[in-house]
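Each remark here refers to the structure printed beneath this line.
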Amino acid sequence: MLTAVVGLQFGDEGKGKFVDYLSGNINNIARFNGGANAGHCVQHGNLRGSFSQLPASLNKKNLYICQGALISLPILVKEIDFIKKEDIDSHIFIDPRCHIVLPLHAELNRASEKYKGKQKIGSVGVGVGACVEDKANRHGIRLIDTFDKEKLRSKLEFLWSIREKQINHVFNAQASLDFEEMLETTHQYGKRIEPYFTFTNEIIGDLLNSGEDVLLETSQATFLDNSFGTYPYTVAYQTLVQTCFAMIGIPAQKMHIVGVMKSYMIRVGNGPFPTELSTEQADYIRERGNEYGTVSKRPRRCGWLDLSLIKHAVKLNGVIELAITNVDVLAGLDEIKVAVAYEIDDKLVCCDNALLQLDRAKPIYKTFKSWSTLNSSYTDLTELPIELIDFLSFIQDYTGVPIKYISYGPDRNQTLVVK
């Protein structure tokens with residue numbers, strides 16, 4: 001059976017921790033979308049890993065990168081080297097149909113953002129958006145193209161001829177890359193990962209047909225989806241969990257979907273954020289939650305939990321249980337607020353409507369008492385402070401979905417499973 005982990009906010013909800021946690025009982029973990037524009041951090045004891053290409057697991061498992069994923073070769077190789085260095089003897093399978101995010105894409109991305117000025121999206125500048133453009137325009141470079149250096153040269157020359165003109169003459173920047181160096185580096189990295197090449201759709205399809213469990217890791221999050229998110233302040237692809245079937249290449253089927261959410265809201269980059277805090281409360285949350293980008297290292301914008309968005313994300317993805325993270329971060333505040341509805345021009349609006357004009361939406365809040373500093377270990381829900389239990393109960397009632405997992409620290413073991 002398929003189990004999928006999906007983010008219900010703007011990313012950085014803690015999906016990596018729950019992929020790692022759930023992988024303790026599932027041998028096959030697959031990543032099917034996104035690229036190195038977002039990282040998932042996992043920690044077990046003194047071992048800490050950050051993954052933006054490989055599935056986020058510190059367990060010895062079968063790891064699959066499916067054809068919908070976008071590959072930054074130096075980062076992928078670095079992650080492979082990390083798990084080998086730490087003696088995490090996972091078996092890695094990479095689909096050769098994955099498209100490559102080139103240094104040229106990153107340079108184009110940065111030039112585009114600079115050119116847009118105040119209209120910029122706030123991209124981390126990895127180049128994923130430009131890679132998606134090339135894939136859609138049918139002149140992208142895939143992993144399979146790295147085998148033959150002369151074939152790779154021909155494809156890169158064509159792509160270079162288009163993108164260099166765009167950088168120099170459209171965005172008024174100056175392309176600074178060395179073509180021959182990019183060609184050689186891409187070819188050598190391709191040779192390095194060639195032993196892992198596999199048609200992952202066939203393996204995963206066979207596993208599911210034989211009754212095996214497969215855990216899916218969704219990159220980014222619901223409201224960064226370029227159709228249902230806060231467009232245009234989104235990523236360049238779809239992030240809803242049901243896109244997995246096309247991105248992997250398997251038939252649609254039943255899934256067990258775990259929605260991951262933080263106990264507050266964060267956002268990286270530009271875009272509307274109705275519950276954003278600009279007070280010392282934001283600094284308190286940011287420092288206690290270490291809210292700095294895994295990839296960009298930029299300070300994340302912080303705000304109160306927005307349950308209108310969470311409930312909408314639950315419906316969009318078909319979530320059947322929730323995992324909530326960072327409840328320890330809110331401990332010690334005088335009070336905690338939760339947005340339960342929106343007003344625009346003094347009229348209540350539904351979430352779909354609000355998302356079209358979220359910069360104008362005024363949140364309506366419910367206020368909760370905070371709780372004291374949490375312990376280092378819990379075994380039962382009743383051991384938690386009553387104020388936290390009230391907070392969690394309200395989330396369950398509002399969303400209509402049970403909270404199954406409560407994370408109260410970064411370590412894998414700092415997770416309470418609600419029975």
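Numbering starts at 1 and runs along the chain as it is shown here.
Glycine residues also receive a Cβ, built from the backbone N, Cα and C atoms like all the rest.
Over in Swiss-Prot, the protein carries these features:
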type	residues	note
ACT_SITE	ASP12	active site, proton acceptor
BINDING	ASP12, GLY39	Mg(2+) binding site
BINDING	ASP12, GLU13, GLY14, LYS15, ASN37, ALA38, GLY39, HIS40, ARG138, GLN220, ARG298	IMP binding site
ACT_SITE	HIS40	active site, proton donor
BINDING	THR294, VAL295, SER296, LYS297, ARG298, PRO299, ARG300	substrate binding site
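Shown here: features listed in Swiss-Prot, placed on the structure.
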residue	record	Cβ neighbours (10 Å)
ASP12	active site, proton acceptor	26
GLY14	IMP binding site	23
ASN37	IMP binding site	27
GLY39	Mg(2+) binding site	21
HIS40	active site, proton donor	28
ARG138	IMP binding site	6
LYS297	substrate binding site	8
ARG298	IMP binding site	13
PRO299	substrate binding site	15
ARG300	substrate binding site	21
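Looking at the residues that bind IMP per the record, ASP12, GLU13, GLY14, LYS15, ASN37, ALA38, GLY39, HIS40, ARG138, GLN220, ARG298, the two CA atoms farthest apart are separated by 34 Å. Each residue contributes its Cα atom, and for PRO299 (substrate binding site) and ARG138 (IMP binding site) those atoms are 36 Å apart. Annotated pair ARG298 (IMP binding site) and ASP12 (active site, proton acceptor), C-alpha to C-alpha distance, rounded: 13 Å. Among the recorded positions HIS40, LYS297, ARG300, the ones whose Cα is located within 10 Å of the Cα of GLY14 (IMP binding site) are HIS40.
Rounded to a whole value, the Cα-Cα separation of ARG138 (IMP binding site) and the residue listed as 'active site, proton acceptor' is 31 Å. For the recorded site, the residue listed as 'active site, proton donor', the DSSP three-state label reads strand. Under DSSP, LYS297 (substrate binding site) is assigned to coil, being neither helix nor strand in the three-state scheme.
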